[in-house]
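As recorded in TrEMBL, the features of this protein are as follows:
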- 50-68: transmembrane segment (TRANSMEM)
- 88-107: transmembrane segment (TRANSMEM)
- 199-223: transmembrane segment (TRANSMEM)
- 243-269: transmembrane segment (TRANSMEM)
- 305-323: transmembrane segment (TRANSMEM)
- 335-357: transmembrane segment (TRANSMEM)
- 390-407: transmembrane segment (TRANSMEM)
- 427-460: transmembrane segment (TRANSMEM)
- 472-492: transmembrane segment (TRANSMEM)
- 512-532: transmembrane segment (TRANSMEM)
């Protein structure tokens with residue numbers, strides 16, 4: 001059984017990595033193969049995995065994001081933040097990264113990037129003009145300079161050189177001035193190109209970092225939650241509140257260091273000439289950029305009732321998820337029967353309201369005047385809009401991951417994998433965290449983040465039991481590490497969107513992303529060995545993991561006997 005299950009997993013991993021089938025279609029394979037290949041898992045156990053409460057938590061986040069996008073609230077927030085941070089290049093990059101990461105905490109990373117890039121392009125064009133035309137101007141200046149030098153380098157007879165020495169000096173001075181002007185023009189052009197690259201590369205990076213801060217921010221976080229419930233049903237330490245307390249500080253630190261690295265690398269912060277006075281050209285360009293941001297914000301008009309309502313429900317969505325069971329104090333879920341209220345209940349409750357709450361300020365005249373018109377008002381979100389904008393394929397992809405995890409557990413494959421991890425038992429846990437993060441960060445550069453974490457989480461769970469450490473100590477770094485894909489355009493959809501603008505090269509992403517990956521690995525290791533220990537009680541081997549270890553130990557001889565008899 002475990003061999004057949006391993007075959008299904010390897011087949012799905014191959015299809016996910018090569019995208020021979022659409023990712024969501026590959027995720028449906030366990031329904032067919034687990035039933036047909038010798039009865040790994042019956043379909044009545046496989047199919048419910050596609051609609052666990054974790055899937056509904058993610059669905060509530062996607063619907064909330066759809067409502068925010070419907071009323072342009074995300075654009076208003078983005079432009080407002082950019083107005084506050086200022087228009088100097090380094091500050092604008094910081095504003096872009098802060099806004100993108102905040103949006104990515106609630107929207108998908110891809111949607112956040114796709115929304116912010118047009119704003120970045122508009123600001124860049126106001127700062128520097130069109131990118132292509134600046135190159136044409138530079139080329140034209142070089143041609144003019146070449147023709148100027150060619151016209152002035154006329155032949156002087158040898159006997160007249162002494163008499164013409166004064167004129168030669170004047171010509172030499174003119175040449176030096178012209179060459180200095182050309183050199184300044186090249187430097188300015190290089191500065192513009194670097195700032196343009198810095199802007200574009202900061203947005204997908206901020207989206208990937210921001211998505212790690214909340215459970216609903218990116219699919220791998222929810223896959224961790226779902227697989228924890230599958231492998232360790234008694235584990236209740238990971239919820240929206242506890243994850244936010246751990247991941248949000250990590251996101252802020254990484255975002256700040258990433259901003260410093262991008263700003264220094266691409267000239268937003270000049271360490272040598274930070275005291276030098278700005279040129280008039282740059283001052284004028286920054287004034288134009290400020291006007292563009294202000295003009296775009298004014299085009300949105302006054303804040304509509306629908307935007308205010310969406311913002312209110314968005315805040316309620318976040319506050320209720322955070323306060324349901326924050327662990328350090330009793331949450332509002334303690335008012336109800338234990339075990340009945342989950343994060344999915346909270347998210348779906350808020351989302352249902354969006355489908356009947358009016359998008360225009362309601363009038364109550366008809367209560368007092370029977371002749372007053374009772375017109376139907378449009379709700380904040382229609383089901384047709386939700387159908388069009390919610391990426392339903394992600395729900396199936398999550399379900400495929402949970403079905404795969406259930407198959408590993410029921411077939412004994414996870415126990416079999418654990419029995420092959422003896423050589424790693426001597427590895428110190430802090431070293432294991434760093435190695436795991438590096439391996440997964442490299443693997444996810446070439447494969448989907450979701451597919452990567454689905455493949456690795458069962459192995460990490462068994463490795464943790466072998467090392468006698470809290471499974472979360474290895475599973476959390478693996479989950480977050482698969483979001484740290486910065487080096488290649490194909491690593492994530494946000495990277496691909498930024499690369500498709502045509503202003504970035506692969507070597508730009510590789511050079512910038514290498515240090516970003518290293519920073520991510522080190523910061524994640526620091527977080528796991530400091531504040532995460534108190535939040536998730538990582539210093540002890542928990543009882544809920546011990547129960548799983550005892551069950552695995554009792555199953556191991558039976559699995560080995562079946563394997564030997566088959567051989």
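Placed from the backbone N, Cα and C atoms, the Cβ positions cover glycine too.
Here the transmembrane segment (427-460) sits against the transmembrane segment (199-223); at least 3 CB pairs are under 8 Å, leaving out pairs fewer than 6 apart in sequence. The stretch in closest packing with the transmembrane segment (199-223), judged by the count of Cβ pairs under 8 Å and taken from 305-323, 472-492, 512-532, is 472-492.
Listed as Cβ neighbours of the transmembrane segment (88-107) (distance under 8 Å, sequence separation of 6 or more from its ends, same chain) are residues 61, 64-65, 68-69, 74, 77-78, 81-82, 113, 115-116, 120, 123, 127, 195, 198-199, 202-203, 205-211, 213-214, 216-218, 251, 255, 258-259, 262-263, 267-269, 286, 289, 314, 318. Looking at which of 50-68, 390-407, 472-492, 512-532 has the most CB pairs under 8 Å to the transmembrane segment (305-323), the answer is the stretch 50-68. Long-range contacts of the transmembrane segment (50-68) within the same chain, counting only residues at least 6 positions beyond its ends with a Cβ under 8 Å from a Cβ of the stretch, are 74, 106-108, 111, 215-216, 219, 222, 225-226, 229, 310, 313-314, 317, 342-348, 350-351, 354, 380-381, 385-386, 389-391, 394-396, 398-400, 402-403. Residues 109, 204-205, 208-209, 211-212, 218, 220-221, 223-224, 227-228, 235, 237-238, 246-247, 250, 429, 432-433, 436-438, 440-441, 443-446, 449, 452-453, 456-457, 460-461, 463-464, 498-499, 504, 506, 509-510, 512-514, 516-517, 520-521, 524-525, 528, 532, 536, 538 of the same chain, all 6+ positions outside the transmembrane segment (472-492), place their C-beta atoms under 8 angstroms from a C-beta of that stretch.
Below 8 angstroms of C-beta separation, residues 5, 8-9, 12, 22-24, 26-31, 34, 40-41, 45-46, 49-52, 54-55, 58-59, 62-63, 66, 108, 219, 222-223, 226-227, 230-231, 413, 450, 453-454, 457-458 of the same chain, each at least six residues beyond the ends of the transmembrane segment (390-407), sit close to that stretch.
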